[in-house]
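Peer 1: The domain 'ABC transmembrane type-1' feature in TrEMBL is assigned to B:80-272. Summarising the annotation, TrEMBL assigns transmembrane segment to B:20-42, B:79-103, B:115-135, B:147-174, B:195-217, B:251-272.
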Amino acid sequence: MAEGYVEYRNLRKSFGGLEILHGVDLTIPEGAFAVLVGPSGCGKSTLLRMTAGLENVTSGEINIAGRMVNNVHAKNRGIAMVFQSYALYPHMSVEDNMSFGLKMRKTPLQLITDRIKRAASILKLGPMLDRLPSQLSGGQRQRVAMGRALTREPEVFLFDEPLSNLDAKLRVEMRAEIKALHQRLKTTTIYVTHDQIEAMTMADLVVVMHDGRIEQVGEPLAIYDRPANLFVAEFLGSPAMNLIPGIIAQDADGRVVQTESGLRLPLEPEANGTVGQKVVYGIRPEHLQLDPAGDLPIRLTLVEPAGWETHVHADLGGHIVRMVSTKRVAQRAGDSTTATIDATRAHLFDAATGNRL
Amino acid sequence: MRVQESGPMALLFQRLGPKVLIWFTLTFLVIWTATPIIWAILSSFKDPLEIYESKSLLPEVWRLDAYRKVLSMPGFGTWLMNSIIVTVVATIVPLILAILAAYGFARYAFKFRHVLLLLYLIPRIIPRVSLIVPLNDLMSDLGLINTYSVLFITYIASAVPLATWILVGFFGSIPKEIEESATLDGANMWNRLRHVMLPMAWPGVVTAAVLCLREAWNEFSFVLALVNQTDMRTLPYQLYMLKDSMGIQDYAVYNAFTILTVLPLLLVYLLLERKVVDSIVSGAVKS
Amino acid sequence: MSHTTPMVEDGPTGADRLKPFVPYLLVLPGLLFVMGILGYAVVGGIILSLNETDMFMNKTFVGLKNYIDVFADPRFQDAMVRTLNFVVISIVLGIFMSMSFALVLYKVVRGRRFFRGLSLVPYFVSGIATAVMFRFIFTTSGGFVNTVLAQLGLPAQSWLGDPTLAFVVAIMANCWFMVPFASLILLGGLQTIDKDLYDAAAIDGANPIQIFFRITLPLIKPMLGVSLIWVSYISFSTFDIVLALTSGGPLKATELVSIYMYELAFQQLNFGQGAVLMVVLLVFNTVLSLIYIKIFVMGDRRHSEAGK
């Protein structure tokens, strides 16, 4: 396996006596778009800030391009960062914002002009170069922040929740723009977000973090299809995966998961797990479908038509489950009907450890 | 209750009362604030005898005699220069010290930070006048009476805490991410201060400068206690001494002198009024 | 998050962590300078107050003798009572005026900038100039007030010659100087209040007076505390205004502690007893400030934390 471009080895971070990163090992290949995702307080921003050199390393190693950078000053790490608040210099024009870093590095004037021109054309900032940040819209500021990072021509781009201050529509647009930018420049990128949709749509490599640990690393769909544990299963996907505790039991047709209320949930023959084991049965909303010929009795509690898909909440043997159907749903809340589960898409987790079986 | 309140008179009062009250208070504010200054200006253009007669508010003839007399006082140039020198020094030096200290307080966590910050506050509770007795005693022992140095050090010492407290607030309100961004851009501490913190905190720097300027220009207690030679006086001190130095009180000269000492600082204030008023109103300046 | 909360434990950026002494280098020069001069003066003053001095400033240690003498001195006792009167009246009048000014400056729409700018002008006039201006407002012949009275056909008054009137004029001059700053602080407090609260209270049936006492006043408590500290501090240590206005007269009617201190030390050359009065001024100011801070700042902090 090739040497990773950004590598973390048993990286730890403590504030005061409180350890908030408990030994992170991670390798990000050159040119990858890696997304660190997790709930707030999971340590993803701290990891990013340590990469940038804004927080020091308590123990362990950070390597960038094969060089250990623990004691390298932030400005010499070859990184550029886009902040959540953009952190534009409010008293400088867009052009000065973009050239400040180059001026601080005593870059020749001609080179500065060239780089700004290039960044401005990539990000369509040309007409705004003389304006102050306060005269720009949220999306424009976002682009200036990216432009500022771009002019530095860094080896690694760092993004700290860059889209969270934008409204929903703009967020979708900028998502596509950042992704397109990466496909054009192929610069290694580390992107922090708490939004799992951003992680799924943008990443080559998703890193799910929780409580200062990495829970799972992989391609977005690989993680989506095979979450390593209950946390990842629940965190990725919207609406979230349905999780129903039960015990593996032997049925006439093979093994099933029997819930406390006596419900029998189907398993495919190849499924891991032994009879009598306590498990959590996971099924994504799109793999649990309303089906008049189905064998699971349900009672609908909420029907939310969202246009091209319909979200349904239903009571399945005492558990509220979520379903997503791309068909229109004729039934209403309160109706009783039946559903089927696509057993090949069922996930099994050990009830004690939470790990995938 | 309801019925009474909605009677015709009460209704009229409810409608007009607040407006009348506001206009009354506002008029009072303007008269109260402006009268002493305007009266001093009017009197400075009058003939001394005309003032004594208390006949009219406006001068019969607008005369510049009093200003001519003030400007031709033998020491006026010296007193003016003294005031300018101590004010410039007692503005620039405290600003530099305060910018450094405020940056340290606003941006670093360190042992004793809180205690040291409080120590910066204590001098503001000490009435300056109370220090004139020991200062005179101590500075006499050091042989510093009637020197610029003694005015510099006492003025600076009393201005530093004021400027520091103003700037801590302004620096602290600048998002840390902007400075982090500058760090990634390769700016060291001096560059961050110069290119990011100071421009962004500019209204605070201006406010601190104007208030230091004000303290130094108007300072009286220290110069009273530490100076007794005529050629070391500052303008406020000389203004105070006018009372004793003029046999027959020439009120016009007195008023002209007052106007001339007040005017330079008022011009500075009027020039920068917006930033100063905004800073005080925003709560950034507390005594 | 409070705006003075430092960023991380090791400075503006982790990048600067290798220099833990940096904050001290930034903070200490100014502080050492200030404490060097002012601390030296305070300590020197306390030592001085324990010594007897002669005309040539030779000192002999006498313990608390100066304190005993000063406290038994009827002239000091009068000055103390007078100062307390002066302070209390100044506070009441000053806060009333500051609050009134703050309220109209808050309410006024047209010319708002002008009125605000104008209101602060006295703050930039030196104490001596303030006193001189007030002298010429109230002086018997040629004063503004008597000129106006003459125009109205009324007899002239000897404003600064009458003990009671002179005391009142001194308080007015003091208020003229200190009210502007206090009212801008209160104005700042008023501006932080969410305007929806006034609408909500009006809908709840509160009249303007109730709104002022039930909504406005409690919400600007911290700012009220700050302006009270300012007003008391200025009134307690008023010196230049009164010295240049009346020199403590007539008949010592305006001889405050600070004036008597100056008289003792610089006219009678009794520096030891003068230093005792310095300690008195210091202690009073400190105690007053601490009381206000405890009532307004701390009390409010507890209140707002409980509300979270």
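Here the Cβ of each residue, glycine as well, is placed from N, Cα and C on the backbone.
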Peer 1: Would you call the transmembrane segment (B:195-217) and the transmembrane segment (B:79-103) in contact, using three or more Cβ pairs under 8 Å, pairs 6 or more apart in sequence?
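Peer 2: Between the transmembrane segment (B:195-217) and the transmembrane segment (B:79-103), contact is present.
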Peer 1: Should anything in the same chain at least six residues away from the transmembrane segment (B:115-135) have a Cβ under 8 Å from its Cβ atoms, list it; otherwise answer none.
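Peer 2: Contacts of the transmembrane segment (B:115-135) (Cβ under 8 Å, skipping residues fewer than 6 from its ends): 101, 105, 154, 157-158, 160-162, 164-165, 168, 221-222, 224-226, 287.
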Peer 1: For the transmembrane segment (B:79-103) and the transmembrane segment (B:147-174), check the count of CB pairs under 8 Å (sequence separation 6 or more) and say whether it reaches 3 or more.
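Peer 2: Touching, yes - the transmembrane segment (B:79-103) and the transmembrane segment (B:147-174) meet the threshold of 3 or more Cβ pairs under 8 Å.
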Peer 1: Determine which residues of the chain contact the transmembrane segment (B:251-272) at the Cβ level, with the cut-off under 8 Å and only residues 6 or more beyond its ends counted.
Peer 2: 37, 40-41, 43-48, 51-52, 63, 65-67, 69-70, 83, 206, 210, 213-214, 217-218, 235-236, 238-239, 242
